[in-house]
């Protein structure tokens, strides 16, 4: 048993290393975001900076992948545009000159139709998420985000999308999840300050965190098909019957290939989507930034009525660090999505939330209470049971005859 465990760890060592790096960088990024918004509480400006900085880093990464095949082959298919005819078994890569001669796929109407909703979700979600982070502890924001399964189920029921069957286990998991989040939020917001203004700000921060979580739930439902990449090679293998199945269990259905091809949305590589989504998000939030926060920045830099400004400092290094962490998180996410199953990624993503909560408690420096630990345990149990329900539902769907 121990030999099998050690062999499994050695085989998946790079995945374990990626997950640990993901948790570490995500936790640091959350703390850096909190520090930035504490001294410079401008959520729109931070979002604008993240959008443009992410687009620049993504373009630069595409340039490296375009110029160096070895770097291109490190990442799973669908991370970059198809620069090369990639044969991973023989370690040979040839430039696809006739297919794509530019760094990213040129803008077109289908691309804009795809990224416009995602850019809008990013803009609104970032604004409320950053606002919440500036008002309440990071652990509060992270714990509220773990409520997303409940809202996903609710939206799927409202939109009449195929969803999980309501069972006692599912109900118990959601109740446990809500109770755990409630305990964490209550404990986090026990502030020594007693002013009504701070309490109102705390309540507003919780509301903003809820809105941000709801927006990103909508984004995940919409983006599920957009970020599912299939290259032409994969499609031809699938049509010829040689594609690798997710499960050894047979699928008892036969679909009209022409109908499937007609209904299936066009898929783009993840870096192209990242660049266009960032640019669209930047453009959508630019007007709001100019109206609401640019006057504040203008007064701060030109020392106009500086005594009343909300900006305590302008930490350029923290802005750059925050944007870099934000981009690295996205690249690790893309790599994991191409290396592990959807269920494994979901569990890893949930574990990331717990890491962010735990690290935020350490950074705050306050004594961790037993109620906080109990709330985190309830949160973990609820999410674990929810994932079990999800995986069992998928297995039953695969073996059910049509």
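In case you wondered, yes, glycine gets a Cβ from its N, Cα and C as well.
The shown structure was predicted, so the numbers you read here are calculated from the model rather than taken from an experiment.
Of the given residue ranges 166-186, 229-249, Swiss-Prot assigns the label transmembrane segment to 166-186. Both residue 76 and residue 351 carry topological domain labels in Swiss-Prot, but the labels differ, so the record puts them on opposite sides of the membrane. Looking at the topological domain 'Extracellular' (125-134) alone, the prediction's average pLDDT is 93. Spatially, the transmembrane segment (51-71) is not adjacent to the transmembrane segment (354-374); fewer than three Cβ-Cβ distances between them are under 8 Å for residues at least 6 apart in sequence.
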